[in-house]
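*Asks:* Take this structure first; my questions come after.
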Amino acid sequence: MKHWIQENYKNRSWAGELNESQEGKQIVLFGWSFRFRDQGGVIFIDLRDRTGIIQVVARKELLGDSFTLAEKVRSEYVLAVRGTLKKRDLESINPRMQTGTIEVVLDQLEILNVAKTPPFSLDEFDEVSEELKLKYRYLDFRREELKNRMIKRHEFIFAIRNYLNKRKFVEIETPILNKSTPEGARDFLVPSRLNPNQFYALPQSPQIFKQILMVGGMERYFQIVKCFRDEDLRADRQPEFTQLDMEFSFVSQEEILSEIEGLVETIYKEVFNIQLSIPFPRMTYNTAMEEYGSDKPDLRFGMKLVDVSEIVKDCDFNVFAGAVKNGGTVKVVCVPGGSIISRKEIEDYTAWLNRDYKAKGLAYMKHGTEGLESTITKRFKKEELEAISKACGSKEGDMLFFGADEREIVNHSLGALRLKLSERFETPKENEINITWIVDFPMFEWNKDHKRWDALHHPFTSPSDESIPFFESMETLQKNAGNATAKAYDLVMNGVEIGGGSIRIHSREIQNKVFQILGINEEEAKEKFGFLLEALEFGAPPHGGLAFGIDRMLMLLTGGKSIRDVIAFPKTQKGLCLMSECPSPVEEKQLQELKIKLAKV
């Protein structure tokens, strides 16, 4: 390697930072040849590094015999170049390039490495299948989209650390090898060689450890942490993902929400130049479910669910009247301009809602020139139809869809339909951001399949002040479990939950009662959470916290379609890494050391 190259590694210039003020200066650059054009005696090379692209010009009369080296350059060759920065002629200015008014005229060129022809175009405007990009992830990094998202990810996390450091938070790493407590998703298990037939679990969250840190007096903790869940994957799920995990001592829910609002406002402004207005709006869990059919409502558009049970309870349409009589509900969602929806589309919606949400049917009415029209409107009095139209604010050209069933089925099915139809009829404005707190969650939810109470968030969530009397005895708790609310809160952005948390239980007595109502007996509680329960007896302060999904936030803020778009080396929806080809078999010797024998599948 020529001496001028090694001497200039630390003195290099960055392509994207060059400008006209450096005209006449000698420039040293390192990077990859993105494009090249041979025009006979003059070769133009678009040299790309992490910061951008600059045009370098190789002229035969200046390079002499070295010009033959420039003729060998091909796509993605690794180059070292030295030359003089000059302004381009007016006719050769490229307004689409950040450095389109300048170029570097070469006096030295070295090919540091050659490259095979890439299996796909690295031009950001060319479409490439996700499978191919995941297999050759190292090439995808050279494309503008992924590279820029990785840089934004770095800036985002750096801004978080900087802000929290100023707010007296301490970053502490919690264990990756942990105890299995399979309360939610499946754990990833790691066999212990030194302790045969014993297993570690990769953490689904640092929940217990951060509470232990509060007992230990650390008071303000945060961590950018990897978490692991062995679950079926969707667009916004990965087996390993990154959270901003936080915990505070001696705080109320109000103080936590205020602290988080300051953090979010600051990092959105610093990294994405997005100006947010704080405090964020708040909505109760009950309102979210009743009006939007979701605990993470997208509030960028209307189409609320409207309860018309009182209007239709005495109508002649038995599907509606019967649902109300049996303790259910009837709701309607009005779709602006939806009268163009075809019967075939309605049949498809009906089948989908039946399959995925157990909805028994999907009644509908169109708002025509004479009011509401449908095959079922003859079963309603004129006043009833007018009252339905008034309740949901329908006008000519709109379509009304009805759900009539148990309240939970109606809310979930119409909530899902609302989201699907918004894509066509009430598409949110591009770059619009709506952030809302969802508060006053139920503490428990009834599991119909297992006939038991489950924690809506997790077993360590504190009851609200209004619900504390329910915990005076197990008898009162059994009677009122369905009415107990929690000091829990979720932060929702554009219909996606980006963070959530709660005030924690710091009383051993209340924690024991929560375990009991969840069907966790004393022995099981001690086995799974014994060290936390013991810690609560050594002066646990009032504390609470939350966790943000870093990947989800970045997906939304960078316009990604999936969190795979903002993770450096993501897995597919089958949990595979196409680049490294993992998971993979291991040698028999390794299994023997772990005392593991494989079962045939």
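Cβ coordinates come from backbone N, Cα and C, glycine included.
Summarising the annotation, Swiss-Prot assigns L-aspartate binding site to GLU183, ARG229, HIS457, ARG504. Positions annotated as ATP binding site by Swiss-Prot: ARG229, ASP230, GLU231, GLN238, GLU497, GLY549, ILE550, ASP551, ARG552. Among the features that Swiss-Prot reports, region 'Aspartate' is placed at 207-210, with the record citing sequence analysis.
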*Asks:* Can you work out which residues elsewhere in the same chain, 6+ from the ends of the region 'Aspartate' (207-210), have a Cβ less than 8 Å from its Cβ atoms?
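*Replies:* Same-chain contacts beyond the flanks: 174-175, 181, 221, 223, 245-247, 458, 460, 529, 531-532, 545.
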*Asks:* So how many other Cβ atoms are close to ARG504 (L-aspartate binding site), meaning within 10 Å of its Cβ?
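*Replies:* Other Cβ atoms found within 10 Å: 23.
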*Asks:* Out of these binding-site residues, ARG229, GLU231, HIS457, GLU497, ILE550, which one has the fewest other C-beta atoms within 10 Å of its own C-beta?
*Replies:* GLU231
*Asks:* Out of ARG229, HIS457, ARG504, which of these binding-site residues is nearest ARG552 (ATP binding site) by C-alpha distance?
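*Replies:* For ARG552 (ATP binding site), the closest Cα among ARG229, HIS457, ARG504 is found at ARG229.
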*Asks:* Rounded to a whole number, how many Å is the Cα of HIS457 (L-aspartate binding site) away from the Cα of GLU497 (ATP binding site)?
*Replies:* 13
*Asks:* I'd like the number of other C-beta atoms within 10 A of the C-beta of ARG552 (ATP binding site), please.
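*Replies:* Other Cβ atoms found within 10 Å: 22.
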*Asks:* How many whole Å apart are the CA atoms of GLU497 (ATP binding site) and ARG229 (L-aspartate binding site)?
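*Replies:* So the Cα of ARG229 (L-aspartate binding site) lies 17 Å away from that of GLU497 (ATP binding site).
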*Asks:* Could you tell me the C-alpha distance between ARG504 (L-aspartate binding site) and ILE550 (ATP binding site) in angstrom, no decimals?
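*Replies:* Between the alpha carbons of ARG504 (L-aspartate binding site) and ILE550 (ATP binding site) there are 22 Å.
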*Asks:* Assuming the binding residues for ATP are exactly those in the record, ARG229, ASP230, GLU231, GLN238, GLU497, GLY549, ILE550, ASP551, ARG552, what is the maximum CA-CA distance in angstrom, rounded?
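*Replies:* For the residues that bind ATP, the greatest Cα distance is 20 Å.
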*Asks:* Averaged across the region 'Aspartate' (207-210), what pLDDT does the model get? Just tell me the whole number, please.
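*Replies:* Result for the region 'Aspartate' (207-210): average pLDDT 94.
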